[in-house]
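Student: For reference, the structure I am asking about is given below.
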Amino acid sequence: MKQVTFCRKMHQKNWLCLFRNLSKPDVDKLMSRFRYFTSSSNISFFITLIASTFLMGSSFVVGKILIQQNFPPMILVGWRFFLAAVATLPLVLLEKGKLIAALRPIQAGLHDVVLVILIGLIQTTAVMGLLFWAMQYISASTAAILLFTNPIWVAVLGRFFLDESLNHMRLIGLFLGMVGVAFAIGISPEMLSGGTTLVGELIGIISAFCWASATLINKRASSRLKRYSAIWN
């Protein structure tokens, strides 16, 4: 008991020493950041962020379980987005009069409509369809890791199609990302020899590639599409 009390006192003393070594502007800045992160609005934001991340992560696991029960991948994708549309409908209806204006912008021409359809097919149908197809052959965790190689492909494709620069730090980041993916999925000579696992991983990579392509198309789209393309997609 005495040892615990002594440790607590030493811990408090160390914190006091830390604050004593800080200047008043540094202390004010530290307290300002503390108040920022502990404010009610930001706590709600972080809770929402964690909840959405959990729901997104759980979708891979649930999808894999249903696929193991012989549900067709594309049927699962269809139900996924149908239920998502139903769940978000109350939020959309809150916009009231803005809903029609958002879904039917006056300035949209045939080119804009085709562009929105293309983005939807690549970003939604192709990405999720290929992802669930891949999970027939690989684990849910491997599928998730491969899907989120998206930033790597965005950087690579952006260099060729958007003429975006790749400095030394970005190249190092790309290399480390690829190495991390290799370690995460467990590349081995047996895997490279072929089989259903390799097929699933290739499909998963193509899914991420489609997501990256849709990201670049979104970036090149005109600014007037940004408001309603996300709704249609």
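Just so you know, the numbers here start at 1 and follow the chain as drawn.
Backbone N, Cα and C atoms are what each Cβ position is placed from, and that goes for glycine too.
According to TrEMBL, the protein has these features:
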type	residues	note
TRANSMEM	43-67	transmembrane segment
DOMAIN	47-184	domain 'EamA'
TRANSMEM	73-93	transmembrane segment
TRANSMEM	113-134	transmembrane segment
TRANSMEM	140-162	transmembrane segment
TRANSMEM	169-187	transmembrane segment
TRANSMEM	199-217	transmembrane segment
Student: Given the transmembrane segment (73-93), which of the listed stretches 43-67, 113-134, 140-162 has the most Cβ pairs that are under 8 Å apart from it?
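Tutor: Per the Cβ under 8 Å count, 113-134.
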Student: Roughly where does the domain 'EamA' (47-184) sit in mean pLDDT, to the nearest integer?
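Tutor: Overall, the domain 'EamA' (47-184) comes to a mean pLDDT of 82.
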